[in-house]
Amino acid sequence: MPDRRLLLLAGLLLAACSFFLFWGLKGPVGFILELRVVKLAALLLVGAAIGVSTMIFQTVTGNRILTPAIMGFDALFLLIQTLLVIVLGGSAYIGLLGPAKFLIETAIMMVAAMALFSVLMGRGRTDLHRMILAGVIFGVLFRSLTAFFQRILDPSEFSVVQGAMFASFNSVDTAQLALAGVVCLAAFTAIRPLIRALDVVGLGRKSAIGLGLPYDRMVLGLLALVAALVSVSTALVGPITFLGLLVAALAHSMMRTHRHALLLPAAAMISALILVSGQAIFERVLRMQSTLSVIVEFAGGMLFLYLVLRGRVR
Amino acid sequence: MRFSYLLTFVALLVLSLISAAIGAATLDLGTLGSDPEALRLMLASRLPRTFAALLTGASMAVAGVIMQLLVRNRFVEPGTTGTTEAAMLGLLAVTLAAPAMPLILKMSVSALAALVGMGGFLILIRKLPPSQPLLVPLIGLIYSGIIGAGTTFIAYQWDMMQYLGVWMSGEFSGVLAGRYELLWLAGLMTVIAYIAADQFTIAGLGRNASISLGLKYRQVMALGLVTVSMVTALVVVTVGMVPFVGLVVPNIVARMMGDNLRASLPVVAGMGAGMVLACDVLGRLVRFPYEIPAGTIFGVFGAVVFLWLLLARPARA
Amino acid sequence: MIQIQNVSHVIGKSPILTGITTRIPRHGITALIGPNGAGKSTLLNLIARLTPLQSGQITVDDVDVSTAPTQELALKIAVVAQQLGVSSRLRVRDLVAFGRWPHHRGRPAQRDEDAVDQAIAAFDLQALQYRFLDELSGGQQQRAFVAMGVVQDTDWVLLDEPLNNLDMYHAKELTAGLHAMSRPGTERSRSIVMVVHEINYVAAWADHIVALKDGALVFSGPPDQVLTEPILSDLFGMPIRVVSIDGKPVILHHM
Ligand SMILES: Nc1ncnc2c1ncn2[C@@H]1O[C@H](COP(=O)(O)OP(=O)(O)OP(=O)(O)O)[C@@H](O)[C@H]1O
Ligand SMILES: [Mg+2]
């Protein structure tokens, strides 16, 4: 029997989706509906990816403040894309078949994320604030490096690849979307059998090892999955820094449990709900374009500040 | 000490000569006397650009060290405490409300906003336990992020994003005679900071020690905050932000020669000036004839040094 | 002489000090004693104008601390506060030299350098004087701060737990040094007010004692009147024995 709160979330999400699809529908209905379905699928996918990846990440790092996005994982993805363009050359990059390109990027991303994380955890395991701050600065470094390498590109070449590299909710590529869906599905399938083990990982390294979990290997595997999910969401819509934080905090306070069987679906649905309803309100009601991520940044930032100041850092 | 002054000076001189010589059009320094066209180029573009980079670097580094002493934390600078973002917000607001206002007035509004932004930060961190020095920059970064999100929102709504882009990335390619002179004001603030060097050093010992030595603590605090916000606003208005200068340079200098500003301030200013100029020169060379903004290069360099400071030794703040 | 008249202090709603009235004599060492949280640091900070006075009056040699200009007071009172925590990177010598700042305000003369030399010698800091403060041990830092307070060359030196972190040797040296410079009749005789927890140091070196408990004055007077079994037992809420060795009181409180 599914949890009642999860059912409630599912209901709300369904309502938000229909609102997004059918509100103010006029003109060439078939065409507009098709556009909206694509966008909705992207929102749901990104929502689920961000919700689940943040939740797992926080369990693994044992804190409620750092998220993959704050640590610059999505900036890392953009950096990898830029470097690929430089190494391969702009036309070759564009010429790469869609699936191959995305899979290569995701693979590199998974390796890089694990390496980065090993550095960070190795140094900072004992000092949470140092680890968080270093994570934040790594994010800054990736963004600066990306800016730097983009300047190194020929301006003409840069404009050619810019379209392929920078995504937003308003320009979702259908082929990309299908592929992202497959990767996402694969990641979720891999996570499913680990859900119970995740509850143990949440107890911390010493307890987990004491309980017989192959902790270090498990953590690396989980991080690889997190990296794959971040790749999906960044490739589809670009970086959104604070959404994951907002979602994880909401999921924790709503579910009040350590059980990931409940936490993960809750996070996925809350995240999708925020994105779908937020985008619906912005697009359909307020008629503003793509400012949703700014608002999410603002609200998420406030929450982050509140968490830090109230000493909710475990 | 003499040696570090001399070294700074020589390095600056060499860098300035290189900076004057290179650019999209080649310029032979030897022909300046005979070629009026070369002289004109030198006076209208190369020299102003060199001065702008030097002044920006020196004043940002000094603003950083003052801020670190007043907040008593090694990991703060205008860019990690919401000061820069607030300056941009103020500048954005005044540009929207009164586009025709003279630059100096816009700069003043921006400085005022920077002051308010920094005040907000100081209020936020007042209650923090001193045993957690890394919480201060962490909160500062988030606080900056929030102000930045608000600024982006406004810029987006009123179609001002490209202005924001210019203010955010420090770049000297657009500097010409007549378009950068406000920066000399930042240079002046640096000189004033040097005159008050002892006061700032004492303030860095904390409120109790300052009062005990008969220092007018609030006045020194106020002078410091005004200096920092003025410098920040001036740099944002004229050339755009160069991130991390105020953080990286004072940390390096403090490691070498400590925090007694009377002795170290000239080196802080010189090193800041030199590093920013070096980044500008590098930006002109790396992708010749295109240019990479100095701010972008310093962003990479500064983040690496920050990480090194953070991970390579136990925190002491 | 320091006159404290009817001084009360509240933080938020909780009373920290209630109606303190007492005098601290010129010359000699005055020890402020009492259990943790008694209000000793608060009182010391009020005298040193580090905390603004809320009610009552405090005068130091007839100068009202709440109205006198802070620069003038810096030539009269030096303070070494309880929590030092420095984040700046200063050399020991630079720190001590800043103690002369109220005198030269940025333009040190030869006599300022001489005073710094003397203080550095007096507090056994020669070997450390060019080291950075943040690379010293807690006790070494503590000595540097005390030296900074003393070099300020004021009539009054207020110290909050100066013996913190010090080993036996340096604790005794420091107290003896302060004692020596507070003898009346010497060339530059100062008055020392210090918070001390080590009650036997009080017994051995203090000339006057002010005892606080729960923000109220319990007793003030010369050591032989304060350091008695009933007063001490009551002050600290535990049985305490006082014995006499070589004519001096020795307090047995640790057994
Ligand atoms: N900032 C503050 N806010 C609230 N209460 C405070 C504050 N500072 C001090 N107090 C309270 O005031 C009382 C007196 O503190 P004070 O520091 O003067 O004690 P003390 O006698 O110096 O103690 P110790 O021997 O531990 O140094 C204590 O009960 C303390 O809890
Ligand atoms: Mg105390």
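FYI, residue positions are counted from 1 along the chain as it appears here.
Glycine too: its Cβ is placed from the backbone N, Cα and C atoms.
What TrEMBL records for this protein:
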TRANSMEM  A:7-25  transmembrane segment
TRANSMEM  A:37-57  transmembrane segment
TRANSMEM  A:69-96  transmembrane segment
TRANSMEM  A:102-120  transmembrane segment
TRANSMEM  A:132-153  transmembrane segment
TRANSMEM  A:175-195  transmembrane segment
TRANSMEM  A:207-230  transmembrane segment
TRANSMEM  A:236-255  transmembrane segment
TRANSMEM  A:262-282  transmembrane segment
TRANSMEM  A:288-309  transmembrane segment
Report summary line: One stretch in A:102-120, A:132-153, A:288-309 has more Cβ pairs under 8 Å to the transmembrane segment (A:236-255) than the rest, namely A:288-309
Report summary line: Given A:37-57, A:132-153, A:262-282, A:288-309, the one sharing the most C-beta pairs under 8 Å with the transmembrane segment (A:7-25) is A:262-282
Report summary line: Ranking A:37-57, A:69-96, A:132-153 by Cβ pairs under 8 Å to the transmembrane segment (A:175-195) puts first A:37-57
Query - Positions whose Cβ lies under 8 angstroms from the transmembrane segment (A:262-282), at least six residues beyond its ends - result: 3, 5-6, 9-10, 12-13, 16-17, 19-20, 23, 39-40, 43-44, 46-48, 50-52, 54-56, 169, 191, 195, 243-244, 246-248, 250-252, 254-255, 288-292, 295-296
**Report entry** Cβ-Cβ under 8 Å with the transmembrane segment (A:207-230): same-chain residues at least 6 beyond its ends
**Finding:** 49-50, 52-53, 56-57, 60, 68-69, 73-74, 77, 106, 109-110, 112-114, 117-118, 183-184, 186-187, 190-191, 194, 197-198, 200-201
Query raised in the report: Is the transmembrane segment (A:37-57) close to the transmembrane segment (A:132-153), in the sense of at least 3 CB pairs under 8 angstroms with a sequence gap of 6 or more?
Result: no
Query raised in the report: Do any residues of this chain, six or more beyond the ends of the transmembrane segment (A:102-120), have a C-beta under 8 angstroms from a C-beta of it, and if so which?
Result: 68, 71, 73, 76-77, 80-81, 84, 96, 131, 134-135, 138, 176, 179-180, 183, 220, 223-224, 226-228, 230-232, 235
